[in-house]
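Pulled from TrEMBL, these are the features on record:
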- 7-32: transmembrane segment (TRANSMEM)
- 38-59: transmembrane segment (TRANSMEM)
- 91-118: transmembrane segment (TRANSMEM)
- 124-150: transmembrane segment (TRANSMEM)
Amino acid sequence: MNIEQLGLFGVFLAGAIPWFEAIAVVPAGILFGLDPVLTVIAAATGNIITIAVFAYGGNAIRSWIIRRRVSKGKDSESPKLIKAQQAFDKYGIYGMAVLGPILIGTQFAAAASVAAGVKPLKVAVLISAAMVIWAVAIAWLMVALGVSVFEAGVTSD
């Protein structure tokens, strides 16, 4: 495995971590000289996997959090869950898809959308598509501006 492959694997893993998001990982990968197209693919793939997990597990995750909070004597709704639900109520599924990456993160946008009653497949497709559009737009902008810290393919002789 060469250094670029390791970098792309790191981008894939970071894209899967909530709050890192593909839209944050793509610029980092490009800054370090990774191929922009491969960087978008790796970051988006990692992010899409966790979006699907949160979309299909949204109700179970929400129920588990509520049970855990109640067993500790706290209110059933956590402040983060309330914020996610308020964002869904204000913006709906399409707003969550577009604004989720910058408001609460794609994974939490997916879980909140499913908890609000949207079908998991619709949530996963819409939020994933919006995230890919964000990632491609950011990559395109960085390439257009020529932003890079390290150039790919540089070797020492």
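Every residue gets a Cβ built from N, Cα and C, even glycine.
Note that TrEMBL annotation is computational and uncurated.
With a threshold of 8 Å between CB atoms, the same-chain residues lying at least 6 positions outside the transmembrane segment (7-32) that come near it are 1, 38-40, 42-47, 49-50, 101-102, 105-108, 131-132, 134-135, 138-139, 142-143, 147-150. Within the chain carrying the transmembrane segment (91-118), a Cβ under 8 angstroms from the stretch's Cβ atoms is held by residues 18-19, 21-23, 47, 50-59, 61-62, 80-81, 83-85, 124, 126-131, 134, all 6 or more beyond its ends.
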